[in-house]
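**Q** According to TrEMBL, the compositional bias 'Low complexity' annotation covers 14-30, 100-137. Per TrEMBL, the feature compositional bias 'Polar residues' maps to 59-90. The disulfide bond annotation in TrEMBL covers CYS915-CYS932, CYS934-CYS943. What TrEMBL records for 221-366 is domain 'NIDO'. Look at TrEMBL and you will find 906-944, 1102-1141 tagged as domain 'EGF-like'. Annotated region 'Disordered' per TrEMBL: 1-34, 54-137, in sequence order.
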Amino acid sequence: MLETTLGPWGVPGPSTAAAVSSSPLPSLHSPAEEATTAPLSLLGVGATGVAAAGQTATESATDTTSPASIGYQNMGQAASTSPPAFQTSPGAPAWKEKTAISTGSTTATAAGSTMASTTGSTTATTAGHSTATTATTPATSLYPFGVEAGDQEYVRRMVDFNSPLFKPEIGFPFGKSLRDVLYFTDNGQIIFPPTDNYVPTNPNPPPWGFTGRESLPMVAAFWDDADFSKGVGTTWYQVRATRSGLAESTKIEKYLKIPYVAKWTLKVTWEKAPAYPSRRDDTQTSTYQAVLSTDGSRSFALLLYQDGGMRWDYSRLAAANVLIGFSSGNGYAQNNELTKEPPAVKYRPDQHSNVRGLWIYRLDSRSRVNYRLQCLAWLDMEPAPATWNSQLPPCPCSRPQAELDPRYPDSSVRMLRTASPSPAGAGVRCLYQGGSLLEGWQERAWNTELEAFDWCCRRVGKPLFCARFAEKRPRVDCEGYVPPTPAGAFGDPHITTLDGLTYTFNGLGDFVLLLASDARTSFVLHGRTAQTGMAHATNFVAFAAQYISKTTTTVEWTLGSQDDIHVLLNNETIQFSYSQGEQDLFPGVLLVNSSSVTAVLDGSVAVSVSATSGILSVVCSLPDWYRSSTSGLLGVWDHDPADDFQMPNGTSIPVNSSEEEIYSYGMTCNLFTQPLDSPALNFTPFFLSRLRQENESQYELVASQCHGSKECIFDSLSTGNLALGLATQSLAADFQQRKTALNAFPPIITGDASITAFRTQKVTRQYHALGEGARFIPHLSPELNISENGTLIWEPRRTAPFTVSLEAVGSNNVSALLQLRFTLCRCSRSQDCDYSNTVTLGESSLQVLAACRCESGYSGALCQTPPDPCSQGCFPGVGCDPSSGCGPCPAGLTGDGEHCCGSACGYHSCPEGYCSNGGRCHLHPITCAPTCSCPPAFTDQHCLVAGGDFQPLPSLPRRSIQMMIRTLQNATAEEVNSTVCHWRGGLRAGHTLAHWQHEAAAAPPAPLSFPCRTDSDGFTFVVVSEFAYDSRGTVIRFLNEELPAAITGAFNGQRRRRREAGCCCFPSPVTVDELRDYFPCSLYGYKGYQLHYMGTIGFICISPCKMGFCQHGGQCQHLPEGPMCRCLPFSIYSPAGPRCEWLAISLAAFLGILLGALALLCLLFQGQAAAFWGLGGFWRRCFFECVFMLGDQSRRISPFLRTCRDTWDHP
């Protein structure tokens, strides 16, 4: 029986206590926040026999006696049968499991105690007596691996190597965090680095095991120093991911007895991994696997060890500290029980646990909602937009347009959507800020997709997920938006046609207001009038609309006795509660009850009916595809009012016709549904001209009160009710205002919405607003300025989130917004910036890079950490110097300080002076060849040739702080001294500085152990303290810019009743330029190094060899006297000069060119000679005569030469 409690996310999770007695299930410990509570694990020592040093499990199996019971230490009882095979999805490689059973062991179990039995065992049980059980101890087998199993091989023939990075899209829950990246090493680790750029390989596990506070979260399958450099062993891996679940869940469900469906799994196999130092004929190797699995919320590690395959000779290891377990780095860790055992036990994990060679760990410390997984699962299920997004409209360009467009009913304060779905069930949702369109997107499942948007674009916090959401739900703007064209009838009916023509018609009966049709649909709107009291005028009392597409929809509005409206939909009464904004969606129609009752038919045709003073008014708008295909009292819609009075026979009357002629036209639209004796057939209205003739003075009085509105004058005179006339005037004015607002468009903003900046780089962008009188709304802040002419200047100074949109407003007071996206790169160098991988800060406009691409050995979140020889860790007991790396191996061992082993070199030692400039010499453990470990500045094998970067060791000034403190009560100088010294000593842990430390990724500068000097003046004390600079840019910036505020905040935050900080006086800080004098680059006596200041890295010495010192491809070496160039010839040139800056043509190249030219001339001469001797004798004689004459210009032209000339001219 398993007790459960409600986890921190509302999900039932394992409780801190579970019933164990007589239970077949393991005890499940709640994954606590700290390492003090053991995580969920399938573990325990299942055999008492121990293999001798160097002996395999198979060799020692005959001497092993099974224990009296197979139990889980602190975990309850294990399942006793072998794990089932992994079931795989079609086309996936099968990771099947085989089980080896060793037989012949005998177990005696007391009645009532926990039992473990296997298939085939024989058990005799007597109530209350002991139970004798003949049992077998199962051993797990590795999942199939290698090429046949679909694995990828990865091996590097070097002492240490890392795998490629794995980046599960859904993330990997580990401890309290959701990790993005992981990799495995040759040393049996799977590491979760903080960034892509920090991927160390530490071959030396800590002797004390995991504490839960390690800087590198990891799973240790078999962490110890391995060595694949001699060609022995390899590693394999396979990644499997699916949102529908993986069959690897079976093993976890079976052994942990919990429901589980894996969504992402990494299987790593270390095959025949040799211990360091390896040999080419090494056979004492180990083979094991780690399978990391997650369902997005929970995660597990399955560690499997090949039965008889763990063969390292632990007696020859320099430090037998193998570690199995994990650490999340945030307080959640587990060390395998074998870690405390002697080497003979802990180096043979294949021979232990209830299912021998199998451990299962739960890696997450709390259940969580994984919004990445929910977003990705939703994305996988969604088809391409082209299959459903045809015929979807754009968004209205402004909020007023959207509120007046009945196709977009108001559903919230900021968000509107289309009134009904498209034929494919899709729609459009539009989001507004103030009166401006912010963004819009298409929806496949109309009105049900806000949750998916929330997952992908808000909860995850990674713009990549929101971009993928946009691929499935394309963004829309207002390009192509066409406002609806309204027509209507008000009062004692005053009608405005679709083309804007206004007239009065007081017919009595049922009339065709509008007929419209196209190839697929048709629409009809009828209106019924009644006599207005006793007046010779009429007004509408009912309307009926019918829309025909694939189905037929009919809506009827009828005036009630209390100015209420009764609605029938397809002859069924619709009951409204008359709450403001009530909406009811029916098939093909949306009914909205607000100040009017609106029916939106098929999301395109809208009819709004309102009641005032016992009169119904109507406004109707049509989609654009009905243009030029309408008729009825609302006119012919073709943007030409001249033909609006078109009668059913096709003829028209002029728009300036008399009231009587217009009345006759209107009666042609009568449906004549009244009986023959109806008074309607004999009704004749009074026209405005007659009303004026009968009482001119009354007309003038009413005209002044109606401000000249003919509709108001007519209704007031015809009914004798001025209030009714004024109500009609208000309706008509409102109708015109609606038309004006619908056709008022905001400016169009042009310019790039994406802005990138490197650190504190100043960025300028120019935007333009197109539209009458358009201008930008200025924005002023310390970091961002936007001018009225559209010039944007961004000078990032911090990473606090902010939200800014570019706003432009036109002369019509309608504004447009452009959402800006600011991406800030905080990497140390611009070439390290990877703008494709960003993280949004909150829900703001600011994005920062998720990682930098570090080069040249730099690491850290911002590539701010120079190459560190101590980052890989040193052998236990070996110290590390930041400049030269690991120290020498402990006495009796040999190696480079990182890798140490027992020496096989006997009396061999390093030659004296083999390594220069502080380099450390060590012998290779196999070949005994001397090798140097050089400081960072040196690049050759003997630490002679410099060229690498290094941080100078300065003699730095101090930053003096003088603070004035006033006590509220009498206090002695000693008391103030003691308090301030105590406060200053704890400054490192202060909240303000701790926050700075997190932001700057560097420790704050510690205050010097400097005695506090206090001068007293009554209740006022002056305290002086000093802080030390160092080379890091973060420290320099902190001391120069942030220290005063940090000290004031820290002191006032920790002050007691008796004293408070008053004014503070801070001497001038030391600037970067002034600090340059304190950083010499002559640490090793090598001339020519240049001091540079690089952002968060700070001061660093760089060799000119790295800055193009040698030209024309010359090789640069930095020697003690400075950089030297070795000039290498290329092409036909031979560079020369101290920096290979001169170019000369080499002698060999010159001779080659000369000989080639002579050869070409010879060929040409031979060709000309052949042509000459091929001439006839006559022409050869002509040639020689010409030559002789040229040689002796005194000679006259001979007759023969004249003959030659005439023959040439006239052949």
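Placed from the backbone N, Cα and C atoms, the Cβ positions cover glycine too.
Let's see these features in context: how buried, what's close, how far.
**A** The local packing around CYS915 (disulfide bond), expressed as other Cβ atoms within 10 Å of its Cβ over all shown chains, amounts to 21.
CYS934 (disulfide bond): 26 other CB atoms within 10 A of its CB, across all protein chains.
Using DSSP to sort the residues of the domain 'NIDO' (221-366) gives these counts of helix, strand and coil: 22 helix, 68 strand, 56 coil.
Residues 277, 279, 866-867, 869, 883-889, 894-897, 899, 950, 1083-1084, 1086, 1101, 1103, 1119 of the same chain, all 6+ positions outside the domain 'EGF-like' (906-944), place their C-beta atoms under 8 angstroms from a C-beta of that stretch.
In terms of DSSP secondary structure, the domain 'EGF-like' (1102-1141) contains 4 helix, 16 strand, 20 coil.
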**Q** Please report how many Å separate the Cα atom of CYS932 (disulfide bond) from that of CYS943 (disulfide bond), as a whole number.
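**A** Their Cα atoms are separated by 7 Å.
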**Q** CYS932, CYS943: which of these disulfide-bonded residues has the sparsest Cβ neighbourhood within 10 Å?
**A** CYS932
**Q** For CYS915 (disulfide bond) and CYS943 (disulfide bond), what Cα-Cα distance in Å is obtained after rounding to a whole number?
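**A** With distance taken Cα to Cα, CYS943 (disulfide bond) is 6 Å from CYS915 (disulfide bond).
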**Q** Pull the DSSP breakdown for the domain 'EGF-like' (906-944) and write it out as helix, strand, coil residue counts.
**A** 0 helix, 9 strand, 30 coil
